[in-house]
Amino acid sequence: MAKNKIAIIGAGHTGSTLAFIIAERALADVVLLEIPKNEKPARGKALDIKESGPILGFNGNVLGTSDYQDIAGADIVVITAGAARKPGMSRDDLIQINENVMAQVTEGIKKYAPESKIIVLTNPVDAMTYAVYKLSGFPKERVLGQSGILDTARYRTFVSEALNVAQTDVTGLVLGGHGDTMVPLLSTTMVGGVPLRELLAQDKIDAIVERTRKGGAEIVGLLGNGSAYYAPAAAIYEMAAAILNDERRLVPAITYLDGEYGFKDICLGVPTILGANGVEKVVEIELSDDEQQLRDSADAVEDVKSALKNK
């Protein structure tokens, strides 16, 4: 039986951390692809990961390269490549720069890994997922964006800190766009099976929700240079594992909507079942009154999407 293969486009902090997790957990062989001028660092990171194998007890194959031919046969392609917003750069400038990156990357994927599933991480991730979906021509179930698992993990972490309980005992879902309008579902938030509202006052819950929405910015502020990469890489790993192992996990993911939740022609974070085909199903759940903010979140994503050339 052939071993699974995951190609990661972009060998920065998130891409290389993801490569390490995949190799260490023996999920798949990894191709870490960079632009030609950054090929040597990609090769160095790949070699460094391989050299940790004898110590940690894994035998993964990790290749650093700048040649798209090396992604041939990949089961999953993860896109982490793209520019970060710099001082003086408008939102529309960033969107157009990264849309151009998505166009270049998607051409390589279409040529060398046409049967792959694509997971997008590049920001603004909802809009970039939409761009990749349109540019690739792939079926909608094979183009996903990562945000909900990460946002939910942050939410669960902050709840666990407030209650001084195990993070793994907190369950919940965060839907919508990846930003200030994301929607933590309070009706689904449980701590060891107990509803969160029975354990925390509303003002404390509101503070947790706000901190979750600013979770990425909090990390950026603490780091001083760069952004989060451990948790984002872990979130992508969870998605990739669910697909390659056909786990049929119910997790939040960005996917193209065609009527679900009343939305059309938009990529948005919603509950999905992930399995061998990618998004096996979008799960539509009843939202309480305070969760109707999903409409506001979709409007914010539409506003960002309006700056795309391919729409």
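Quick reminder: no glycine exception, Cβ is built from N, Cα and C everywhere.
Keep in mind it's a predicted model, so treat the numbers as computed, not measured.
All chains included, 24 other C-beta atoms sit within 10 angstroms of the C-beta of GLY10 (NAD(+) binding site). Feature annotation from Swiss-Prot assigns NAD(+) binding site to GLY10, ALA11, GLY12, HIS13, THR14, GLY15, ASN98, LEU121, THR122, ASN123; the stated evidence is sequence analysis.
Within the same chain, residues at least 6 positions away in sequence whose Cβ sits under 8 Å from that of ARG85 (substrate binding site) are ARG91, LEU94. Secondary structure at ARG85 (substrate binding site), taken from DSSP and collapsed to helix, strand or coil, is coil. The annotation substrate binding site is assigned in Swiss-Prot to ARG85, ARG91, ASN123, ARG154.
Residue environment of HIS178 (active site, proton acceptor) contains 27 other Cβ atoms, counted within 10 Å of its Cβ in all protein chains. Sequence annotations record features per position, and here Swiss-Prot assigns active site, proton acceptor to HIS178 based on sequence analysis.
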Reported as an integer number of Å, what is the Cα distance between HIS178 (active site, proton acceptor) and ASN123 (substrate binding site)?
9
Helix, strand or coil by DSSP: which one applies to ARG91 (substrate binding site)?
helix
Let me make sure I understand the structure: which of the binding-site residues listed (ARG91, ARG154) has the fewest other Cβ atoms within 10 A of its Cβ?
ARG91
Please report the number of other Cβ atoms within 10 Å of the Cβ of GLY12 (NAD(+) binding site).
20
Check each residue in the chain of THR122 (NAD(+) binding site) that is at least six apart in sequence and keep those whose C-beta is under 8 Å from its C-beta; list them in sequence order.
GLY10, ILE79, THR80, ALA81, GLY82, ASN98, VAL101, MET102, MET128
Sort out the sequence-distant neighbours of ASN123 (substrate binding site) for me: same chain, 6+ apart, CB within less than 8 Å of its CB, listed by position.
GLY82, ALA84, LEU94, ASN98, HIS178
